[in-house]
Amino acid sequence: MTLKTSSIGYPRIGENREWKKGLERHWKGEISYDQLAKELKEIRLSSIKKQHEAGIDLVPVGDFSMYDHVLDATLLFGLEPERFRDLPNQEKRFAIARGTKELPAAEMTKWFNTNYHYIVPELNEESKPQLQHNHLLEWYLEAKEELGIDTKPVLIGPVTLLKLSKGQFDQQKLLDRLLVEYGKLLNELTKAGASFIQLDEPVLVLDQDESVMNDIKKSYQTLRETAPEASIWLQTYFGSVEGLHQLYELPLDVIGLDAVDGEEKLLAQLKANHFPGNKKLALGVINGRNVWKADEKRVKKVVEQVLASVDQSHLILQPSCSLLHVPVTLKNETDLSSDIIHKLAFADEKLVELKRFASRQWSEGESAGREATGAPVLNVPDRRVPYEERVKAQQHFNLPLFPVTTIGSFPQSVELRQKRRDWKKGQLADEAFQHFIREQIAKWIRLQEELNLDVLVHGEFERNDMVEYFGEKLEGMAFTKNGWVQSYGSRCVKPPLIHDDIWWEKPMTLEETVYAQSLTDKPVKGMLTGPITIAKWSFVREDRPSEHVFYQLAHAIRQEVLSLEKAGIRMIQVDEPAIREGLPLKKADQDDYIHTAVKAFRIATSSVQPSTQIHTHMCYSSFEDSMPMISDMDADVISIEFSRSHGDLLTAFSTHGYQNGIGPGVYDIHSPRIPSVKEMTAQLHKALSVLPAKLLWVNPDCGLKTRSGQEVLEALENMVQAAEQVRAETMERSR
């Protein structure tokens, strides 16, 4: 008997990023909202049809979004922030996500331990959920009527929605109100004919206190009473569920569990407490977060063990999570070697794998990887002299109070992108491309000096992506042509493939950085991507221990750091925006990761002289539970996202007693609005309320590559004025 198959979610960007291109044309005013909606509908229906034609029995609807699925749920229940409430519906979603000239955007942060970012709901005691226009019902009927496909509506569950929200509110009171509206939604979908309704509760895989499971029990018992005819599918992913047996007792029709990240624990739980015979088990057997083919022997073992306690008519096979986290299709990848490509499975290929596994026609073929040799971990320093000594050695920079800098990248014009494309295709000579890049560097060094920034950057004009650029220059990595994945909003990234041992062959950033430094007497930062971020933002072969990959990359970056220092670059930034993202969700699993990540960063950065200043950058994460790790990294200066979190992140640094330099990002570069001097001054005052002035740097919260030149110049001018104003105030008070 062939097992049933399900998809939890599918990439929304389209085979050729049609989704991204449509959004950005609309934001530029090139197409109307109605035209955008029409184009996105085509992508939405095409994705549903493709999954159905691949033989998937239960195809999701509602996983698609115009921006972010968490934001969709916020709007569905009328829970948008008060400041956006009066905006027209067609403007509201993008205003919340991106901000307007008058209204700051809502906070954005990482979706669990992935590189996807969601818009954080802002709730308070006045929040009153009320079901609005039911797009989920509309899309369900649309697929039914236009494609003849009975889809499975998908929505974030009520407990997870509230747990991911910020603000001061009574959890139980708001949950009670929200459950009423969820009940209405379930009834509307059931009445329309929905066979199953999937509610995602990934909060269940986090370390649990009793309140979370109590909220889950309360919620799903209430929903059963409110919507007695609904077939409720509770879905989890990204790990195992503590207290799984308690879910068995709930009035659910299907329980979806992750047998990839949570494999060992799940199999033990199913052996200890047999799955109830009155429910279906949706088993995530294929990794929805990586692009390497599934290990068929592992999948067979898992399926056969589960079938020992679950009737085959009650077992559904699916990916471990939404396929949002992998590229759409391999069919356009014509440049990869056959040795690599036959080991890959993007979203479409994963559906084919899934269908084959459901038929249980095991081929016992080659797994997706082969053991690499593993470069030895060299006995190199991973600890510098104490920070207090380094501060004294770095006085030669002669920086003012509140030194002003940027994170690294500057705007990349259409002309620049075209020249880089031409150069990569061999249509522009190396000398001509290098000459153009030098012109851009010289232009922006001059502009930074005119703006009176204290520490400059070369602008990264030669780079397309902060990970891909280094991957192209390191051995052991390969690249796709069209392997795009959504990161936030319309921003898509193309993760490299780590398929072999990694090593440094020659300097990667030296030429541009040294040239930039030759144009100014002010310090220019060398700009590197750190080992953890390169690894976490790549697709790493699953047969490779992560610590081997981290350490190989650390040794490679260490070589680059030393080459920069030898050439006279005395400030070097090693960005680690993904280091918090890599932290395992359960505390019991975190110590090994923290030890490895910190050691890798220190291997990369600890061989420099005390007089060389090491910077790092992190963005859009929750730092409260990772402060010991950040302290142990021991960078001289860390820059962080600050503007969207409204200062909440700095509390963690203050509470922990962080003593190194810190640059809280004073404006949100992901929003098109230009903050005023007054706003940025207020941000600095907020920072000063929890941290001493001597530690503070002034910078945007991220790189400026995606903004226009004029936006950047105006914003940086205001930022410098804000720094000068607060500097003058602080010096006046100290007299």
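Here the Cβ of each residue, glycine as well, is placed from N, Cα and C on the backbone.
What TrEMBL says about a protein is an automatic prediction, not a curated fact.
Keep in mind that what you see is a predicted model, and the values were worked out from it rather than measured.
Per TrEMBL, the feature active site, proton donor maps to HIS670.
DSSP classifies ARG17 (5-methyltetrahydropteroyltri-L-glutamate binding site) as coil under the three-state reduction. Under the heading 5-methyltetrahydropteroyltri-L-glutamate binding site, TrEMBL lists ARG17, GLU18, TRP19, LYS20, LYS110, ASN115, ARG491, CYS492, TRP537, GLU581.
In the three-state DSSP scheme, SER409 (L-methionine binding site) is classed as strand. Look at TrEMBL and you will find ILE407, GLY408, SER409, GLU460, ASP575 tagged as L-methionine binding site.
The local packing around ILE407 (L-methionine binding site), expressed as other Cβ atoms within 10 Å of its Cβ over all shown chains, amounts to 25. The L-homocysteine binding site annotation in TrEMBL covers ILE407, GLY408, SER409, GLU460, ASP575.
Annotation note: CYS702 (Zn(2+) binding site) sits in a coil segment as assigned by DSSP. Annotation comment: TrEMBL describes HIS617, CYS619, GLU641, CYS702 as Zn(2+) binding site.
Taken from TrEMBL, the feature Zn(2+) 1 binding site applies to HIS617, CYS619, ASP632, GLU641, CYS702. Long-range neighbours of HIS617 (Zn(2+) binding site) (same chain, six or more residues apart, CB within less than 8 Å of its CB): ILE407, GLY408, GLN573, ASP575, GLU576, PRO577, ILE638, SER639, ILE640, CYS702.
The annotation domain 'Cobalamin-independent methionine synthase MetE N-terminal' is assigned in TrEMBL to 5-309.
Residues or ranges marked as domain 'Cobalamin-independent methionine synthase MetE C-terminal/archaeal' by TrEMBL: 402-724.
For ARG17 (5-methyltetrahydropteroyltri-L-glutamate binding site), the nearest neighbour among the listed recorded positions (SER409, GLU460, ASP632, HIS670), judged by C-alpha distance, is HIS670. The secondary structure of LYS110 (5-methyltetrahydropteroyltri-L-glutamate binding site), as reduced to three states from DSSP, is extended strand. SER409 (L-methionine binding site) has HIS670 as its nearest neighbour among the recorded positions LYS110, ARG491, TRP537, ASP632, HIS670, going by CA to CA distance. Each residue in THR406, VAL457, MET466, MET527, GLN573, HIS617, GLY703, LYS705 lies on the same chain as ILE407, GLY408, SER409, GLU460, ASP575 and has a C-beta within 8 Å of the C-beta centroid of that L-homocysteine site, without being one of the site residues.
Nearest Cα neighbour of HIS670 (active site, proton donor) among the listed binding-site residues (TRP19, TRP537, CYS619, ASP632): CYS619.
For ASP632 (Zn(2+) 1 binding site), the same-chain residues 6+ apart in sequence whose C-beta sits under 8 angstroms from its C-beta are ILE594, VAL598. In sequence order, GLY408, SER409, PHE410, MET466, MET527, GLY703, LYS705 constitute the residues six or more apart from GLU460 (L-methionine binding site) in its chain with CB-CB distances below 8 Å.
For the recorded site, ASP632 (Zn(2+) 1 binding site), the DSSP three-state label reads helix.
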